[in-house]
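Structure first, commentary second.
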Amino acid sequence: MCGILAVLGCSDDSQAKRVRVLELSRRLRHRGPDWSGLYQNGDNYLAHQRLAVIDPASGDQPLFNEDKTIVVTVNGEIYNHEELRKRLKNHKFRTGSDCEVIAHLYEEYGVDFVDMLDGIFSFVLLDTRDNSFMVARDAIGVTSLYIGWGLDGSVWISSEMKGLNDDCEHFETFPPGHFYSSKLGGFKQWYNPPWFNESVPSTPYEPLAIRRAFENAVIKRLMTDVPFGVLLSGGLDSSLVASITARHLAGTKAAKQWGPQLHSFCVGLEGSPDLKAGKEVAEYLGTVHHEFHFSVQDGIDAIEDVIYHVETYDVTTIRASTPMFLMSRKIKSLGVKMVLSGEGADEIFGGYLYFHKAPNKKEFHQETCRKIKALHKYDCLRANKSTSAFGLEARVPFLDKDFINTAMSLDPESKMIKPEEGRIEKWVLRRAFDDEERPYLPKHILYRQKEQFSDGVGYSWIDGLKDHAAQNVNDKMMSNAGHIFPHNTPNTKEAYYYRMIFERFFPQNSARLTVPGGATVACSTAKAVEWDASWSNNMDPSGRAAIGVHLSAYDGKNVALTIPPLKAIDNMPMMMGQGVVIQS
């Protein structure tokens, strides 16, 4: 992930202002250590910190159209850029960067081109012909982005809060699936799929449709000009990503450049569930597996850095971000610049253990909708910023637009958890990849129970965090918590501890308002807490809080596999510019 910063219409074109923009842009250099760029046109500034993943030699930013009247700075990957270039035959491209198409698409179609992009992105585009600008963020919010306003009438854009919090009177999270246009004078929603209105869909479950859609999502993300790998915890989601990647890597441009054997990475405390399962899956798939161990003290020592980089005080996010943060540093030290990760499946398929309590399919579906819409505040934030802290890019195939639309059009009855019928959480996904003739995964991995990342790395990790917080936050501090922190008042010592650190780095009221709050149990939304009366007094975000559902063992012995597996899909047509895509 790159880092972008823009200051637009600040009524100051002085050298001092340029120096200030450069200074603020350097706060984002961890995201893009490969190159820095700054474009100035009057009182408009576009800065870029580049992580070179596509076309490292010539793709430096900002990028331009032919006559350089349109300028764009982008953080993202446009997976269909080759297809889009074919639609822009009258345009001359200067680089091989996937992001250059944005300037030309705007020139050809105006502001409404954003839905044509298939990828993850945040960008700022300046049209010097009339001094107008637009800003856009991807559909789900995989890339992080903030918008702020100065007292001088300026508009500020930054990949991270730390790029603008000291210079803006007010700032907020830029909403996913929207663009902001100076011509329109505000935001416009460009991503509005049918499932957004939360009405219950009725498409029958077709396992092969799910399989094809997800394989396509993984394959298109193999577009890279640098070494890459997969994050492999040994759970269902990361294991499927690894399995599909391993199957389709051969013959791609990436394999020709970096070799056909996939590298996988796992992190955990000694003896943790993830380390054991990750190693087993890696051996099954034949990956070059890298296992990273950390201690509870290692994690505690990193908490301040994690909060500074991830920019949140949300308990669940910090718990899970810390091991990912530590692992990302190790991965980058090996020369890897991009990883595939498994975020998003639990939101789409109702994979969290509390979904066992969903009273009906309408409630189940509406909760998945709420969870997906909030992903940019939680797992997307974690995956993006804990990796970007070390100049590592995370790609998340479960959050592919086409795949989400396929999965969210299903009748939610098929997603509901019914253990008596052998249907555990994410059953429809497991069933889609249960192939007897060409198995994707061993059965007990395919049907391994859900572990939240912060649990799977080792149960003593969360217990250690709670103990450490208790040593730093006393009862008197908790009794005054509502006065000290009237917004999102911390209700545990662990939450109070994180909040104190956050406020040191980001003391502005705008900053604290960017962090979500409300009742939760086992990662639920506040609405889902109503599903079980016993949850109202148990506000632990850990998956273990789903009392009566969580199994500490993960060997699959408690799962009834009563559903016959699918037959292999033979002789499916495949095509892709740099690899293969399975056509539906």
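Cβ atoms here come from the backbone N, Cα and C positions, even for glycine.
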One of D43, D67, D98 listed by Swiss-Prot as binding L-glutamine at the site of R50, L51, A52, V53, I54, N75, G76, E77: D98
Per Swiss-Prot, L231, S341, G342 bind ATP; matching candidate in V267, V296, V306, V310: V267
Listed recorded positions among C2, L231, G342 whose Cα sits within 10 Å of R50 (L-glutamine binding site): C2
Rounded inter-Cα distance in Å - E343 (site 'Important for beta-aspartyl-AMP intermediate formation'), V267 (ATP binding site): 16
Distance check against C2 (active site, for GATase activity) for the binding-site residues A52, I54, G76, L231, G342, keeping those with Cα within 10 Å: A52, G76
In three-state DSSP terms, the structure that D98 (L-glutamine binding site) belongs to: helix
Maximum Cα-Cα separation in Å among residues R50, L51, A52, V53, I54, N75, G76, E77, D98, which the record lists as binding L-glutamine: 13
Candidate nearest G76 (L-glutamine binding site) in space, where candidates are the binding-site residues L231, V267, S341, G342 and distance is Cα-Cα: S341
Between G342 (ATP binding site) and A52 (L-glutamine binding site), the C-alpha gap once rounded to whole angstrom: 23
Cβ-Cβ neighbours of G342 (ATP binding site) (radius 10 Å): 24
